[in-house]
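J.: Structure below; questions to follow.
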Amino acid sequence: MIENYWTSFCGNHHTSSNCTVRFLQICFGITLSFLTLCICLFHKEPPKRIHQFFCLRLVSALFNGIIGSLDLVLGIWVLRENHSKPLILWLVILIQGFTWLFINLIICVRGTRIRKSSLRLLSIFSFFYGLVSSCLSVNNAVFGDELAVRTILDVLLLPGSVLLLLSAYKGYRFDESGESSLYEPLNAGDSNGFSEKADFDNRVSQFAKAGLFSTLSFWWLNSLIKRGNVKDLEEEDIPELRKEERAETCYSLFEENLIEQKRRLGSSCQPSILKVTVLCVWRELLTSGFFAFMKIVAVSAGPLLLNAFILVAEGNASFRYEGLVLAVLLFFSKMIESLSQRQWYFRCRIVGLRVRSLLTAAINKKQLRLNNSSRLIHSGSEIMNYATVDAYRIGEFPYWFHQLWTTSFQLLIALGILFHSVGVATFSALAVIILTVLCNAPIAKLQNKFQSELMTSQDERLKACNESLVNMKVLKLYAWESHFKKVIEKLRNIELKSLKAVQMRKAYNAVLFWSSPVFVSAATFATCYFLDIPLRASNVFTFVATLRLVQDPVRMIPDVIGVTIQAKVAFSRIATFLEAPELQGGERRRKQRSEGNQNAIIIKSASFSWEEKGSTKPNLRNVSLEVKFGEKVAVCGEVGSGKSTLLAAILGETPCVSGTIDFYGTIAYVSQTAWIQTGTIRDNILFGGVMDEHRYRETIQKSSLDKDLELLPDGDQTEIGERGVNLSGGQKQRIQLARALYQDADIYLLDDPFSAVDAHTASSLFQEYVMDALAGKAVLLVTHQVDFLPAFDSVLLMSDGEITEADTYQELLARSRDFQDLVNAHRETAGSERVVAVENPTKPVKEINRVISSQSKVLKPSRLIKQEEREKGDTGLRPYIQYMNQNKGYIFFFIASLAQVTFAVGQILQNSWMAANVDNPQVSTLKLILVYLLIGLCSVLCLMVRSVCVVIMCMKSSASLFSQLLNSLFRAPMSFYDSTPLGRILSRVSSDLSIVDLDVPFGLIFVVASSVNTGCSLGVLAIVTWQVLFVSVPMVYLAFRLQKYYFQTAKELMRINGTTRSYVANHLAESVAGAITIRAFDEEERFFKKSLTLIDTNASPFFHSFAANEWLIQRLETVSAIVLASTAFCMILLPTGTFSSGFIGMALSYGLSLNMGLVYSVQNQCYLANWIISVERLNQYTHLTPEAPEVIEETRPPVNWPVTGRVEISDLQIRYRRESPLVLKGISCTFEGGHKIGIVGRTGSGKTTLISALFRLVEPVGGKIVVDGVDISKIGVHDLRSRFGIIPQDPTLFNGTVRFNLDPLCQHSDAEIWEVLGKCQLKEVVQEKENGLDSLVVEDGSNWSMGQRQLFCLGRAVLRRSRVLVLDEATASIDNATDLILQKTIRREFADCTVITVAHRIPTVMDCTMVLSISDGRIVEYDEPMKLMKDENSLFGKLVKEYWSHYNSADSR
């Protein structure tokens, strides 16, 4: 039945070449119609034109309209008479008639609405279409039996096409003012190609205004690629994206569709994020789908032409010049295939770019809206992973999307061609293909499972990496690097197990699908043998050619499955995140401030809870509060009483479960933990506001920043590091205060802002900032510093989530027992050494300001944050060698490459055996098939060896590279973290490492495979027809030159892409960390817009990179088409019988796949060149200059060192970088063993630097520190830090349990931990938790108050019981009552230890043995506190006088 159908479709089998020609005519007609449609739809914004030569267009319209109409009538007539004519004949005539009418309508009637360049290009294509159709019709009329009427109509197409050409060029007069000429990119610019006009036309990509020819040929990229060959590209050299690809456009469309879907579904249903995303890109998906369809149709013409060519070689030509015609058709079919495939891939990449941009933008916006419960589920590191890994994986999926259906479609067409070649034996081929797919089905399910496991384990490892990198200073201080590194290594090993499973399945799939053509061929030929179907060169090599063209898409099935699974898992994770609950206004209402209204905040019977409604007892209960404008309200209470939660409730962070809360006007917020952005000090203060010089200067003065800025290299333009790592805690807090003050808000919420600054600065800030600058504002200030309380209009006393007392200071002091205990506790901590107040309290301030130099810790060159390293020029072989040298991976790569070469040689031997013996009567068919199968099986064995070796190399290299990277990062000095943004490091351990794990290993072998296959194809062509070398050698040379020309630009584009990707990650990391502050200042929109800008900055080099890739491939495909056509011409010109038809068929079958092989070769090389940059980027961080060794065996201190804790500091000099000034300038002093040492000085005077030197976080450039006779510079840093104890200024908790945070090394029993918790006033709090010591501590310890976090840090020190303990203002964030208990605990637990206290509170050091005063990096004085207080010129004495002057004045109010 199928045989009869084929006969009715094509007619006589002996005229199959005519059938092929007709089939190609149908393809060309459809292509031209689609091209016309595209011009009509997408190129219809014309410049102004004046009509001219109307008669010419009228004549053309009438003449061509008549021809087209007659073609349609003839086609319908032939259709009715199909019992006597082949089906394909009426189809050709109908399509030709429709195409001609459509083109005529556009050129002659609608031409005034089409771009000039597009109109002229269409007329040129129409002319060639008419010319070819006329020639073919005349040829068929002479040598065949074509219809006479159709011949006449086809001949008339030629004059008709000339009329269309004239109509396009002469039928209109165009106004050139607004038109971009088709050839404008060729002529624009000066001799260097870089005139101002050609300089990307207002920074927008040339793609935005490219004509049809320029779009199809990627001509618009010429200027950028040329520029990349003249100079190394920089970010500013890359044009901006056109509007359609910008993140703002993509996200706006996403939001519109989301709103529309919500409106349709109603409030009860959540719209599908996937559906909304597809709605944003469906047009481009359809367009790319059409190009995919055209590519499949064009590629399917190859085997048909090959079959016709072999028939001609056997002497069965239908007419004299049939071979030449077939060669020309072969060339044009390959060119159409190239154009279609390039546009298919290019437009899919655009879809991927848009999806990636809109998802990244959506993640950025969503994270600014997450409520507390959502943040507990989606940690900061996970959010980073969604944007930096998952969004990129989804962005890659559209590239593979059409492979899901084109593979099946191409397979169906191939089966049709195979049936024409070998008849019913095709069913054997189909059975093997189905069996192959069925074998892959369970593997696909396993792959899905393993991929999910891999992504989950990757998340866990990234979370641990992020936590360790963020808190690296704490890890070094506690000497916990090795333990946390082992935790990460353990998670990495779990990840590697999943990676191995994924890669082994990928290897299995590769073997399965690469070997399937061998088994398909063997099964088919065996069926032919048993069914006595003759095997001839024409049907065998038509079969082989068809199979060679099908096998590449079939081989891609594993990749398609893998990418689809990855995208599915990634999309589900992002969708879950985007659907997470957001902050709700609830009962919180913001109202405009009116002139008559004096109320700033009104809270009525409100309760607030961090958890879900009704799930637990509310964190704040029965809160009623009114704050008026101009009123200053202090909030105090013990640790964990709910002070910070109250501020969070007013900000809307803590959900209101009952009651109401109203506020009037704008809010400014200062968090307890300072949040600083990477950038200049001015940027941090302005925070997006407009510069007002007067207000700005006043803000600097009121925030006590003026003296600090005077000493900075560039003043307020000095760049500060990520999270303000190069600033002291006090400086960061004052920048926060300046940011809030500059906003000139109506309501100020200040969360313990003075805990991080010294006593003098705190006093100055309170007077100048709170009482003066904020006069007239509503101020709610959380504080533990009781001495400030008398100045407030009212004081709120909180306990256990309730406001227990609210009144003036004097009233509370008179009647509240709890408040009296609070004040008395403060007086007790202050000690009894009361100093008489000075007569003029302001005088000491001036004197102290004169004495204390504000030398800052940041006195360095203004650019602390280093610009990200970016290699320039050719990467060379270095990164490849670095990758393959890991664990001797080169051995496995060599074996894999050898196996791949053997496989390719085996395929050639297979086909050579078949070509040489298919027509040889002396070789039986059975022998022919058996030898063919045996060679194939040997080749498959080589494939298995190749795949296994690649997986082994992958695992060894991935494990080794990450191990080196992790060791390097954990051994890097703190100066590296101070000058390197976290996002830059995280991009290495996330996206770059993911590429190295998943893409690089198979990328290497695919480059070898595709290069070997291309070489084999060229070799076969050259052996069969050596004359083609005259064409192929220059063409291959041209291909290499084009590739080199391309690589110069492409590598820089990918490097810039990697660098700009870090910008997106950095901004997201900062936004996640500062989300509360951003929301408090209503700056969400500004941060979101900045994220859009950064996404575009990253997307632009990526867009131009993949466009450049298509630019190169299209030119290489043209080269391969020329080589193929030249080979065909050579074969035609050779005398008949020079080569057997078998070898001719073999050569052409390889030639047909040459362009595909060349494309895959270059494409794989390009991908690998881009991927190998990730190895290069990892390598930048695997060879960081390490800090001192952890352990030096020759100089290890005794086990019980230090015994007494005597610290001798001799002429200590510290600078942070070689070119920076000294921060400590010759410090010399001795801390006797068992003494309690207090270190005081103004913020930035060098106190923290001295502590850093003691722990060797920074190495001295001169002098030394000796502890109990041991020079600490001579021993390992682990031995040093593990013997000291510290309670850092910024309390840090890690994700895990209470037990883990107190004892991560598991060195103590539960009983010891409970005992310590009791001493630190945490026992009751932990016991109230359901899980006790196993109670959850989330990332950053955000589910515990700041004071509780600091108590945990104290607990660590008590557990360690070191002979030398350092307290860096350890009690700054706790209330005075708790402070009193803790001071007693420290005195009791560390009675015989050396305790070094960096103090901001003067009372903290009053009971110290000695006090060290530092100013400007030098020792001002060092003596007993009582002696210093008696000295009139003593700096410490003046600080104490200032403190008590302020305290006494407050106490008397």
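One is the number of the first residue shown, and numbering goes on along the chain from there.
Here the Cβ of each residue, glycine as well, is placed from N, Cα and C on the backbone.
Model, not experiment: these values are computed from the prediction.
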J.: According to Swiss-Prot, which listed range is transmembrane segment: 561-581, 1128-1148?
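T.: It is 1128-1148 that Swiss-Prot describes as transmembrane segment.
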J.: By Cβ distance under 8 Å, which residues at least 6 away from the ends of the transmembrane segment (889-909) in the same chain are close to it?
T.: 514, 883, 935-936, 938-939, 942-943, 945-947, 949-950, 952-953, 956-957, 1004-1005, 1008-1009, 1012-1013, 1016, 1019-1020
J.: For Ser1245 (ATP 2 binding site) and Val639 (ATP 1 binding site), determine the Cα separation and express it in whole Å.
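T.: About 30 Å separates the two Cα atoms.
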J.: Reduce the DSSP letter at Gly637 (ATP 1 binding site) to three states and note it down.
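T.: Its secondary structure by DSSP: strand.
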J.: List the residues of the same chain that sit at least 6 positions away from Gly640 (ATP 1 binding site) in sequence and have their Cβ under 8 Å from its Cβ, in sequence order, or write 'none'.
T.: Val1325, Trp1344, Ser1345, Gly1347, Gln1348
J.: Rounded to a whole angstrom, what is the C-alpha distance between Arg1242 (ATP 2 binding site) and Lys643 (ATP 1 binding site)?
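T.: That separation, Cα to Cα, works out to 28 Å.
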J.: With H, G and I counted as helix, E and B as strand and the rest as coil, say where DSSP puts Lys1247 (ATP 2 binding site).
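T.: Looking at the DSSP assignment, Lys1247 (ATP 2 binding site) belongs to a helix.
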J.: Between Lys643 (ATP 1 binding site) and Gly1244 (ATP 2 binding site), how many Å separate their Cα atoms?
T.: 29
J.: Do me a favour and check the Cα-Cα span between Thr1248 (ATP 2 binding site) and Glu638 (ATP 1 binding site); whole Å is fine.
T.: 28
J.: Have a look around Thr1248 (ATP 2 binding site) and count the other CB atoms within 10 A of its CB, chains all included.
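T.: There are 22 such Cβ atoms around Thr1248 (ATP 2 binding site).
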J.: For the binding-site residues Ser644, Ser1245, which Cβ has the most other Cβ atoms within 10 Å, all shown protein chains included?
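T.: The largest 10 Å Cβ neighbour count belongs to Ser1245.
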J.: Provide, as an integer number of angstrom, the distance between the C-alpha atoms of Gly637 (ATP 1 binding site) and Gly1246 (ATP 2 binding site).
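T.: Gly637 (ATP 1 binding site) and Gly1246 (ATP 2 binding site) have their Cα atoms 32 Å apart.
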J.: Sort out the sequence-distant neighbours of Gly642 (ATP 1 binding site) for me: same chain, 6+ apart, CB within less than 8 Å of its CB, listed by position.
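T.: Same-chain residues close to Gly642 (ATP 1 binding site) (Cβ under 8 Å, separated by 6 or more) are Asn619, Leu620, Met798, Asp800, Gly801, Glu802.
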J.: Roughly how many Å lie between the Cα atoms of Gly1246 (ATP 2 binding site) and Ser644 (ATP 1 binding site), rounded to a whole value?
T.: 30
J.: Have a look around Ser641 (ATP 1 binding site) and count the other CB atoms within 10 A of its CB, chains all included.
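T.: There are 23 of them.
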